[in-house]
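Input: a single structure, listed below in structure tokens.
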Amino acid sequence: MNGPAGLAYLDRRERILKLGESFEKQPRCAFHTVRYDFKPASVDASCEGNLEVGKGEQVTITLPNIEGSTPPVTVFKGSKRPYLKECILIINHDTGECRLEKLSSNITVKKTRGEGSSKIQCRLEQQQQQMWNPPRTSNLVQHSPSEDKLSPTSLMDDIERELKAEASLMDQMSSCDSSSDSRSSSSSSSEDSSSDSEDDDRSSPSGPRRYSSEHPSVSAGPQYRTSDADTTCNRLYDNSALLMSTLRSDLQLSESDSDSED
């Protein structure tokens, strides 16, 4: 015992010291020490507690609290380590007998953060968590693929649309090039024919001179049915041909005026 109360039973007279049962070859009992880091005042010291030893020398101590306290119990958890050469002196206050016992292990525990509850309450909480958690996780799993990820078929459809758009654009460009080539060839042929007619008129002095004041028809060339891109190309070519014919007619009129003055 420690403190003044224990020292009161230890006087200077000699006493008989007995070795306890823990010193026998096959001890029938064992003694342990328990060290708490913090023991709240709500623990009822008059009641017995519960000590459990699990795997890996893990120890759980459950002590009841004073009636009316919340929670009803306090839980401590820790571990135990064996003693090598440690003993404890036990003094009988009634007879004054002293008995020495060998210590088996030292248990060091700490109070859990959430004040402990009974085993029944722990099981109920676990069951409630199992009932609530699975539906939430299943809903998340069901909704996440449809909202966040695209299906492979939709990706293939998008790629196919892009390829078709590129192919149609290439076709329009090729048709525009072919139409421009044909129209350039038709305009060059019309220019050659007009130049030949002018040479014939100049070579025949007695014959009457004929002047074509009409504009060459652009529609003499082959007709094409084109798209919007081809229509734009045709308009550009028509404007250039009209400008050339206007310049040619002005040149002819100026030549005729000079001949009349002579």
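A Cβ is built for glycine as well, from the same backbone N, Cα and C atoms used for every other residue.
Sequence annotations record features per position, and here Swiss-Prot assigns compositional bias 'Polar residues' to 124-144. Per Swiss-Prot, compositional bias 'Low complexity' is recorded for 174-192. Annotation source Swiss-Prot lists phosphoserine at SER146, SER151, SER154. If you look up Swiss-Prot, you'll see 17-104 marked as region 'Necessary for interaction with ELL', on the strength of similarity to another entry. What Swiss-Prot lists as region 'Disordered' is 124-154, 170-232. Under the heading region 'Necessary for transactivation activity', Swiss-Prot lists 177-262. Annotation comment: Swiss-Prot describes 248-262 as region 'Necessary for interaction with TCEA1 and transactivation activity'.
The average per-residue pLDDT of the prediction over the region 'Necessary for transactivation activity' (177-262) is 56, rounded to a whole number. Secondary structure of the region 'Necessary for interaction with ELL' (17-104), assigned with DSSP and counted as helix (H, G, I), strand (E, B) and coil, comes to 6 helix, 44 strand, 38 coil.
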